[in-house]
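Worksheet for the structure shown next.
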Amino acid sequence: MERSSGMQNNGGCFSRGCGWIKSLPERSKAKIVECARKIKKLGQDDPRRVNHSGKVGLAITLVSLFYYFEPLYNGFGDSAMWAVMTVVVVFEFSVGATLGRGLNRGLATFLAGALGFGAHRLATLSGEKGEPMLLGLFVFLLATTVTFVRFFPRMKARYDYGLLIFILTFCLISVSGYRDDEVLDMAHKRVSTILIGGLTAVFVCICICPVWAGDDLHNLAAANIEKLGIFMEHFGVEFFRKPEEGESINKASLQGYKSVLNSKNMEESLVNFARWEPGHGQFKFRHPWKHYLKVGSLTRQCAYKVEALNGYLNSDIKTPPEIQGMIQDSCTKMSSEIGKALKELALAIKSMTPPSSASSHLVKSKNAAKNMKLLLYSDLCEGINLLEVVPAVTVTSLLFEVISCTEKIAEAIHELASLAGFENVEQEKPKLPEQGEMQQGANMDVHHHVVTIDQPPPVKPQNGSLSSSTTS
């Protein structure tokens, strides 16, 4: 019995092994097809990746000629490998990143080479016994000082790579010079080949299909604002939509704003790279790249409030129909006009034109907000379960805050337009709504409601701001 059972187990293993071998070609083919599909998608998502790969290969091939041609190799010797290494570590995706690393490496190599040669000469004056002690002291002091300097935030952000190369080059020149009498020749060859490699990388990066970090930063700022505008433009309709009506838009398409929440690191990196770049296209040499950080910060603040609004799209607590009927027009109007204003601001950044067209949508959204505040100060909620009204009141409060955030974004974009020299900035400065305009809009929009006000209306906001009224 046990023998027959063992034979069956062996037969089962053998059959599984045969099946695995037979299916191996098909599985291998499926994996190859899947890998090819991923490669194709990676290239289609951003064709610049293919160009960048080719540029890196071209730059490395060019500096490799120092090894392939005898006259060049005789001039630099084994130090020619430093040119290849420099291209590998310096060449980055964007022009700004490549320039930053190239200038850091070139300047650090030159200064460290000069200091290393000077330290070697100074140490030789102390005799054979004092030379290693003095060299060790120089290495300790410089490495300690430069490492501490790296902790400064500004140095860390822009010059960290250069400081590392400075330590490395100084130690190589000063320490290796202790055993090599031709320290000046060695320093000259290393500095020369590193500069040649850096210049080759920068030349190829700029002259062949350049990728500008400034363009990416500019487009990122516009795209983030536009994503918020798309959500807000459809939020009011979706929030008050009844289940039996179905969906007019795929809610998954409204989730693009989520990428805005985690865009801070990318914005900071792009700003750092863009500051290294020369003037190009519509961007002048001293374009106010740092101001994009302010625009991005305000955009993320707005995105956090949009994230809170998104949580109410599928809320289990439903607002009574009679309340919905009274607040739907104002809330939908606020949401729609905010979305249009945000999309106009995004378009202003893309086209580098003054954000004047967004002001009219801000006026309309504030008028709708004024109407909503009058309703909130009336006997709207009399005889109604407060728990059922909480979602509607919370959404209304969040919409007030989004209007305030949108106004701040508009002001920041106008500042950017002024600093960057957008056309007709002074003439096209967005005009904030006056109190009379808001009151007129309020009287026009509430005629179809009967509102009983039990207490004095809220204090009128100054300069069109909603912040004081929102907190009341």
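Backbone N, Cα and C define each Cβ position, glycine as well.
Summarising the annotation, TrEMBL assigns transmembrane segment to 50-69 (among others). Residues 43, 76, 80-81, 83-84, 86-88, 91, 93, 193, 196-197, 200-201, 204-205, 208-209, 211 of the same chain lie 6+ residues outside the transmembrane segment (50-69) yet bring a C-beta within less than 8 angstroms of a C-beta in it.
Here the transmembrane segment (81-100) has Cβ contacts under 8 Å with residues 48, 52, 55-56, 59-60, 63-64, 66-67, 158, 161, 190, 193-194, 196-198, 200-202, 204-206, 210-214, 216, 270, 272-277 of the same chain, all six or more residues outside its ends. The transmembrane segment annotation in TrEMBL covers 81-100 (among others).
For 107-127 (among others), the entry in TrEMBL reads transmembrane segment.
Here TrEMBL flags 133-152 (among others) as transmembrane segment.
For the transmembrane segment (159-179), same-chain residues at least 6 beyond its ends with a Cβ under 8 Å from one of its own Cβ atoms are 100-101, 103-105, 107-109, 111-113, 115-117, 119-120, 123, 131-132, 135, 138-139, 142-143, 146-147, 149-150, 186-187, 190. Taken from TrEMBL, the feature transmembrane segment applies to 159-179 (among others).
Feature annotation from TrEMBL assigns transmembrane segment to 191-213 (among others).
What TrEMBL lists as region 'Disordered' is 439-472.
Per TrEMBL, the feature compositional bias 'Polar residues' maps to 462-472.
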